[in-house]
Amino acid sequence: MPPKKGGDGIKPPPIIGRFGTSLKIGIVGLPNVGKSTFFNVLTNSQASAENFPFCTIDPNESRVPVPDERFDFLCQYHKPASKIPAFLNVVDIAGLVKGAHNGQGLGNAFLSHISACDGIFHLTRAFEDDDITHVEGSVDPIRDIEIIHEELQLKDEEMIGPIIDKLEKVAVRGGDKKLKPEYDIMCKVKSWVIDQKKPVRFYHDWNDKEIEVLNKHLFLTSKPMVYLVNLSEKDYIRKKNKWLIKIKEWVDKYDPGALVIPFSGALELKLQELSAEERQKYLEANMTQSALPKIIKAGFAALQLEYFFTAGPDEVRAWTIRKGTKAPQAAGKIHTDFEKGFIMAEVMKYEDFKEEGSENAVKAAGKYRQQGRNYIVEDGDIIFFKFNTPQQPKKK
């Protein structure tokens with residue numbers, strides 16, 4: 001397996017992209033690297049996975065529950081009538097080929113499907129199999145990763161020119177002062193993407209005004225990536241593959257801070273065909289485990305999403321929010337009245353609840369907190385909101 005990521009000193013990227021919690025992550029890669037097989041095992045669905053470059057033409061989309069031991073514990077504790085976990089929306093996108101930005105293969109459709117996603121599972125193949133053709137004729141994951149990066153980069157470069165031309169016509173030659181700041185920002189984007197040949201997300205100092213402009217255009221290279229390396233079952237179990245270190249070195253150099261996660265589509269497929277008991281025996285015998293929980297959590301985090309819990313005998317539920325969400329807006333996820341009439345958030349940390357054993361014990365230990373409207377909700381908070389009910393207009 002690749003060495004553990006250092007990167008403690010890397011500044012986190014700014015949050016660029018659509019604002020909301022119904023965000024999607026797309027599975028992107030060359031044809032026949034295992035995208036549809038991965039999508040099938042991830043979502044337990046049956047998208048066609050034939051050995052054919054364009055067997056996924058329309059993107060298949062599915063919701064995948066986010067595995068979480070905290071959620072499972074709360075469900076075991078409360079034994080609620082209703083259990084609702086957080087979900088990750090995953091899209092399987094047609095295989096890209098070299099020249100996609102010029103419409104090669106299913107290039108334009110492929111790139112528009114990526115544009116509709118908010119993050120990317122960049123899947124690359126590091127297994128040999130004579131029965132599964134490779135569109136480039138040989139297995140070389142570094143080359144494949146570079147092809148994808150180049151296509152996304154070239155598509156962004158192609159988009160930037162017309163945007164600047166239009167703004168120049170109105171803001172510079174037409175003298176529209178309101179649009180001049182946007183023109184200046186797009187010139188900065190052009191310098192970074194076209195002149196310096198760097199993806200949008202690699203610049204970590206975009207300010208709020210610049211991000212506002214970037215969000216109007218949703219450039220492909222602004223989307224966060226998680227790199228998934230598809231290994232043979234044998235290589236995954238023995239934790240060895242000649243490409244892994246090279247891939248990790250490439251990512252650390254060209255996409256610092258991004259995660260590289262090895263997995264085996266063949267193993268995951270086999271595990272799904274076994275009964276729960278057989279699966280457990282097989283994993284123990286081979287001293288291995290499924291990579292899917294780690295992959296799902298990494299995709300969710302890459303979209304800058306997290307969740308808080310509401311928990312009781314009626315329902316245990318994970319409510320998805322963007323990182324940095326304040327208490328009133330988090331309350332609004334449950335009901336708009338909660339946000340409008342927000343009084344306070346009564347907050348327990350999951351760790352405190354588990355350690356103390358009950359809500360009353362958390363209160364007795366002085367760990368039950370009352371938070372106001374400036375409180376930034378943290379991942380895994382257990383919250384009870386207090387709010388004023390809006391007055392109904394009197395009937396005449």
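Every residue gets a Cβ built from N, Cα and C, even glycine.
So that you can see what the record holds, here are the features copied from Swiss-Prot:
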DOMAIN    23-283  domain 'OBG-type G'
BINDING   ASN32, VAL33, GLY34, LYS35, SER36, THR37, LEU231  ATP binding site
MOTIF     267-274  motif 'Nuclear export signal'
MOD_RES   LYS294  N6-acetyllysine
DOMAIN    304-387  domain 'TGS'
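Locations of recorded Swiss-Prot features on the structure.
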residue	record	DSSP class
ASN32	ATP binding site	coil
THR37	ATP binding site	helix
LEU231	ATP binding site	coil
LYS294	N6-acetyllysine	helix
Any idea what the Cα distance is from SER36 (ATP binding site) over to LYS294 (N6-acetyllysine), rounded to a whole Å?
19
In whole Å, could you give the widest CA to CA gap in the ATP site formed by ASN32, VAL33, GLY34, LYS35, SER36, THR37, LEU231?
15
Please identify which of LYS35, LYS294 has the densest Cβ environment, defined as other Cβ atoms within 10 Å, among these recorded positions.
LYS35
Segment confidence, the domain 'TGS' (304-387), expressed as mean pLDDT
96
Just to be sure I understand, if DSSP states are collapsed into helix, strand and coil, how many residues of the domain 'TGS' (304-387) fall in each?
26 helix, 33 strand, 25 coil
The one of ASN32, SER36, THR37 whose CB sees the fewest other CB atoms within 10 Å, among these binding-site residues
THR37
Tell me the Cα distance separating LYS294 (N6-acetyllysine) from ASN32 (ATP binding site), rounded to the nearest angstrom.
23
Expressed in Å to no decimal places, the gap between the Cα atoms of THR37 (ATP binding site) and the residue listed as 'N6-acetyllysine' is 17
Pop the Cα-Cα gap between LYS294 (N6-acetyllysine) and GLY34 (ATP binding site) into the table, whole Å please.
18
